[in-house]
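Database features (TrEMBL):
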ACT_SITE  His309  active site, proton donor
BINDING   His309, Asn310, Phe311, Met312, His313, Asp349, Asp464, Gln516  AMP binding site
BINDING   His313, His348, Asp349, Asp464  Zn(2+) 1 binding site
BINDING   Asp349  Zn(2+) 2 binding site
DOMAIN    237-559  domain 'PDEase'
Amino acid sequence: EKAIYVMEMWRIRDKYDDKDEEICANVVTAFHYFNLYLVKKKENSVSIGLLNVVQAIFNEMVALEPLIKSILKSTQGLVNADRTSLLLVDSNNPELVSTVFQLKFDQELGWVLTKSIGLPINPQIAGYVASSGQALNIPNAYSDDRFDSELDKVTGYTTRSILCMPIKFGEEVIGVVEMINKLNNCIFNNEDEVAFQNTSIFFGLALNNAKLYNDIKRNEQRYKVALEILSYHNTCQDDEVQKFQNDTRLLLTNLNDYYLDPYKLDDFMKYKATITMFDDLFKLSKFDSMAVTKFILTVKKNYRLVPYHNFMHGWSVTHAMYVMLKNIHEQRLTYNMKLALFVACLCHDLDHRGFNNNYLNDTKSPLAAMYSSSPLENHHFSITVTILQQDGHNIFSHLPSEDYKEVLQYIKQCILATDINTAFFPNLAKLNKIVSEHSENKELNWEIPSNRNLVMGLLMTAADLSASAKPWAIHEETVKAIFEEFHNQGDKERKDGRTPIPMMDRNKPEVKAVSQVGFLNQICIPCYSMLCKIFPQTKPMYEMAMENLNIWQSITNNDNLEKM
């Protein structure tokens with residue numbers, strides 16, 4: 001019932017009749033449907049344009065500048081603007097500043113995107129849109145007090161009309177687009193505002209995604225730079241290698257000795273001893289000797305200066321493994337297994353912080369968050385791989401691909417086996433079931449891979465605990481270092497408002513002997529006892545651990561007598 005057209009026709013002769021009115025009505029109807037067709041055609045064109053815009057921006061949404069170029073080019077076509085610019089709003093800056101991108105057409109270069117960083121946002125137009133989130137449509141720029149004509153004077157360009165609209169992500173304005181001079185001397189209208197508003201949702205999504213991606217890439221570059229710095233400081237330098245090679249002192253120590261005193265060797269002698277042991281077991285001539293040297297020196301640099309879990313401990317464990325492998329005559333372990341055991345011992349506590357896994361988990365440290373279990377042991381293996389990847393440090397580079405993978409897998413398995421709680425106790429229970437006197441299987445079936453893995457884990461624990469199987473003077477010195485590290489952790493726990501367990505409490509020195517009796521009885525003796533059953537040649541370790549247990553037991557008994 002609404003009048004939408006008026007058709008007026010004039011004649012100078014005859015009057016109009018009913019037929020003329022019918023013809024006229026048909027013309028109006030045809031005209032009406034033609035207009036509907038034009039409207040639908042325009043809507044379809046806008047939809048296709050929107051689809052093309054979305055496709056274009058999402059093709060470029062991982063790289064910020066190509067994406068912005070695509071947004072500005074799409075916007076120009078969408079609203080028929082002569083020029084467009086985008087201001088990225090820096091919400092972290094208290095000043096209203098932005099990075100400004102302008103898209104211009106050059107006859108030789110085509111569409112060119114220019115970039116200006118840290119420019120203050122025009123507080124009158126773009127600043128208003130950025131802070132309020134409201135659009136501004138200015139049909140006549142020079143009649144609007146908010147327009148600054150200085151830029152036109154500098155460039156010689158004449159700004160007639162401006163449409164300035166926000167790009168939002170959620171409720172936050174992340175960008176402002178200025179569309180300048182609608183073509184054909186027209187002005188921006190409501191349809192232009194609606195068309196941009198419909199596409200700005202996708203602009204916001206794409207811009208936010210691209211900014212996140214750029215932040216990730218930037219952080220990745222920061223990580224690489226930090227890694228380069230750490231690598232430089234944690235990698236042996238050429239002068240250190242030269243200094244070691246120029247050391248002409250002879251290694252006169254008998255290394256094939258379970259009871260060797262590691263405190264009598266300085267670091268350089270330990271380097272020489274490591275190379276000597278490596279050569280004895282695996283023939284250094286098969287390896288790149290320079291890579292082996294660099295690897296050992298860099299391993300030393302990656303042990304922290306903590307009281308116990310330092311290079312002294314790493315070397316002592318490696319030496320214990322050497323003596324065991326040297327004296328085990330049964331050909332039960334393959335070359336790759338022995339190689340992995342030796343290297344795993346050298347690296348098994350790399351970058352240890354002097355705090356145990358329980359502390360890392362309780363304090364929700366980043367290291368604990370990285371791994372679901374055994375965070376320290378997983379980290380030690382990770383550092384091992386990092387060192388191997390350093391230039392000139394890959395001691396396994398000569399190995400065939402399959403052997404290389406196997407050795408690395410064994411190393412990981414061996415290092416993880418040094419977690420007493422998650423690895424040793426379950427492994428010992430399985431071995432007890434297999435080789436106990438009451439079991440039908442009196443001997444280990446070495447053909448079963450899982451059995452060999454259990455024995456490798458046992459060897460790692462035996463080497464790791466070897467300080468308990470040293471003569472009393474060496475053992476006692478090591479226990480002092482262990483408890484100094486325990487007490488440091490206890491001090492940290494107390495500072496954090498938590499009560500340390502007695503063994504970690506510096507104020508309870510009387511628990512040292514009792515804790516050592518428990519440690520030797522529950523862990524060390526069962527370990528060496530099982531090892532003796534499998535490899536009788538390791539009996540000296542069991543015997544010395546028993547002697548130390550007896551001494552600690554005597555100290556405990558004397559303490560109890562004094563209390564009575």
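For all residues, glycine too, the Cβ spot is worked out from N, Cα and C.
TrEMBL labels come from automatic prediction, so no person has curated them.
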Exercise for the section: Express the distance between the Cα positions of Met312 (AMP binding site) and His348 (Zn(2+) 1 binding site) as a whole number of Å. Expected result: 12
Exercise for the section: Measure from the CA atom of Gln516 (AMP binding site) to the CA atom of His309 (active site, proton donor) and give the result in Å, rounded to a whole number. Expected result: 18
Practice task
Work out how many Å separate Phe311 (AMP binding site) and His348 (Zn(2+) 1 binding site) at their Cα atoms, rounded off.
Solution key: 10
Handout entry: For His313 (AMP binding site), the number of other Cβ atoms found within 10 Å of its own Cβ
Key = 24
Practice task
Compute the mean position of the Cβ atoms of His313, His348, Asp349, Asp464, which form the recorded Zn(2+) 1 site, and then list in sequence order the other residues of that chain whose Cβ is within 8 Å of it.
Solution key: His309, Gly314, Val317, Cys345, His352, Thr418
Problem - Other CB atoms, at most 10 A from the CB of Asp349 (AMP binding site) - result: 26
Fill in the blank from the handout: The mean pLDDT across the domain 'PDEase' (237-559) is 93
Practice task
Mind giving me a neighbour count for Phe311 (AMP binding site)? Other Cβ atoms within 10 Å of its Cβ, every protein chain shown.
Solution key: 19
Exercise for the section: Indicate the candidate from Asn310, Gln516 with the smallest number of other Cβ atoms within 10 Å of its Cβ, considering only these binding-site residues. Expected result: Asn310
Practice task
Count the Cβ atoms, other than its own, that fall within 10 Å of the Cβ of Asp464 (AMP binding site), considering every protein chain shown.
Solution key: 24
Exercise for the section: Looking only at C-alpha atoms, tell me how far Asp464 (AMP binding site) is from His348 (Zn(2+) 1 binding site), rounded to the nearest Å. Expected result: 9
Problem - Sequence-distant neighbours of His348 (Zn(2+) 1 binding site) in its chain (C-beta under 8 A, six or more apart) - result: Gly314, Val317, Glu377, His380, Cys414, Ile415, Thr418, Met460, Asp464
Completion exercise
Students should find that the Cβ of Met312 (AMP binding site) has, within 10 Å, a number of other Cβ atoms equal to 19
